[in-house]
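In what follows, a single structure is set out as structure tokens and then discussed.
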Amino acid sequence: MWVLALIFLAADCVFSLGVTLWVICSQFFIVHIPAAIGHPVKLRVLHCIFQLLVTWGMIFEKLRICSMPQFIRFVHDLPPLKYDPDVVVTDFRFGTIPVKLYQPKASTCTLKPGIVYYHGGGGAVGSLKTHHGICSRLCKESDSVVLAVGYRQLPKHKFPVPIRDCLVATIHFLKSLDAYGVDPARVVVCGDSLGGGIATVVCQKLVDRPDLPRIRAQILIYASLQALDIQTPSFQQSKNIPLLNWSFACYCFSQYLDFSSSWQEVIMKGAHLPAKVWEKYRKWLGPENIPERFKKRGYRPIPPEPVNEAAYLEVSVVLDVMCSPLIAEDDVVSQLPETCIVSCEYDALRDDSLLYKKRLEDLGVPVTWHHMKDGFHGVLTTIDMSFFHFPCSTRILNALVHFIKGL
């Protein structure tokens, strides 16, 4: 019996080693780390760890042990949280929606700004724990009350469930600002990646709610703002750059919006939408809206191919403004509050930020823009990762704090 056990153990070790070597080797052939990103070895190691988690998650999913998102969230939530003695953290629920409240410990009679934070992760990864450090520092350094929303995620909960959870939690918060010592004239919605897109949708949904305090500002950190065009200059330029590479972006894209990943090639060719749709939204999505300096690094315009009707019927959800808030009508966008946008040069979603910035400015909405020339998608989450910390994450946080203090 012990011989069989040894054989199985050896086989398991060989298989695990094989998976690890395959992930590491494949990353050296596929992943591109631009010279402008500081600490390239650190980023490559971080991405290898992430891809190893994705690969094992896929294996467990095939074996029907658990889904890939569940496995990754289980692993990234294992480390214990680090608590700042100057910040009081409270866990509770708005109905069934888990939230974390961060309040400065120093008591004062003065009302403070309120920040509602929606974490990123494409609906697949990320959690209240992964963004604990960000929210804690944001609370302390901006002297604000921060509410982080733990919305439901993949695989069980797809679009628009996360948005609905965040909207409900935000309304709960807005109706109880007095209980948390928040100034109703200084409430900000904030998010990174998918969370940035959610912040945009929440802001758009609440512009016509006179029964609630008006949102003072929105902060969008490398936000996902449209799902129509994945042949933007930034998508072409950064599709092989960590941490949001093409394969993981496609996985999140199809799973979150609940359509088959077999349409990937059709979507890449722009054949998932009819010509009349492309023509309608070209005024907002066309590459001519992006400054020329952002097109110099390997961009080739690709005209969309004739529509695949079957794909269009399944993928037309991308035209929902809750999925693509960048294409909301002018009468909505023009009412939005002051906005702070953070974009990263080496991010596939960079152009979403640039396009939305132009839309807002064209409609007279004040915009503060910070562009990180050495930034990549997800960099802010490294702010409390010790060895894997990137200086760019601190600059982003400092920019957010400065913006909030100026409101």
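Just so you know, the numbers here start at 1 and follow the chain as drawn.
Even glycines carry a Cβ here, placed using N, Cα and C.
Because the structure is a prediction, the values reported are computed rather than measured.
Listed in TrEMBL:
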type	residues	note
DOMAIN	115-261	domain 'Alpha/beta hydrolase fold-3'
ACT_SITE	S193	active site
DOMAIN	311-380	domain 'Alpha/beta hydrolase fold-3'
ACT_SITE	D347	active site
ACT_SITE	H377	active site
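Features recorded in TrEMBL, as mapped to the structure shown.
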residue : record      : CB count, 10 Å
S193    : active site : 29
D347    : active site : 25
H377    : active site : 26
Residues in the domain 'Alpha/beta hydrolase fold-3' (115-261) grouped by DSSP into helix, strand and remaining coil: 61 helix, 25 strand, 61 coil
Structural state census, the domain 'Alpha/beta hydrolase fold-3' (311-380) (DSSP three-state): 31 helix, 19 strand, 20 coil
Inter-residue Cα distance where the pair is D347 (active site) and S193 (active site), in Å: 10
Average pLDDT across the domain 'Alpha/beta hydrolase fold-3' (115-261), rounded to a whole number: 97
